[in-house]
Structures are given as C-alpha cells and as structure tokens.
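One structure below.
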Amino acid sequence: MPRKIEEIKDFLLTARRKDAKSVKIKKNKDNVKFKVRCSRYLYTLVITDKEKAEKLKQSLPPGLAVKELK
C-alpha cells in the first residue's frame, strides 16, 4: 500500500525505522523519487531539485539496502 511523504525530515525518520527494509531511487528528467519499503507501506518522497536529491542520498542510513533505478 503506498503512502506519500511531503517533507525530507519525515522521510529520513521513516528510513531510520526498524521495519525499513530498502530504498529505491528512481530518476526521471523532471524529478527524483525516493521509495522506502517498510513492513506495511511503501513510502514515496518526490524531489524536483537534483542537488537536494544528492544530499538526501548521502544522508540515508548505512545499513539500508539502496537500489538505483532509471
């Protein structure tokens, strides 16, 4: 079941949760989507700024499996 997250801080808190399994990063020409899989929901954050997306990618938790998609 999908859920949308609007704020970067909320996304980082969700990514640090114990039930967060993996993060998928989808890059389009317009935006970058970060999708974190938790036990119940798939949380999605959409970022239109490429520099913010790179910063967020660097600040993801180290134990989380990160997969980049086109």
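A Cβ is built for glycine as well, from the same backbone N, Cα and C atoms used for every other residue.
Here is what Swiss-Prot records for this protein:
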type: CROSSLNK; residues: Lys4; note: SUMO2 cross-link
type: CROSSLNK; residues: Lys9; note: SUMO2 cross-link
type: MOD_RES; residues: Lys9; note: N6-acetyllysine
type: MOD_RES; residues: Lys67; note: N6-acetyllysine
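The Cβ neighbour count for Lys4 (SUMO2 cross-link), using a 10 Å radius over every protein chain in view, is 9. Neighbour list (Lys9 (SUMO2 cross-link), Cβ cut-off 8 Å, at least 6 residues apart, same chain): empty. In the three-state DSSP assignment, the secondary structure recorded for Lys9 (SUMO2 cross-link) is helix. The Cβ of Lys67 (N6-acetyllysine) has 10 other Cβ atoms within 10 Å, all protein chains considered. Lys67 (N6-acetyllysine) sits 19 Å from Lys4 (SUMO2 cross-link), taking the CA atoms of both as reference points.
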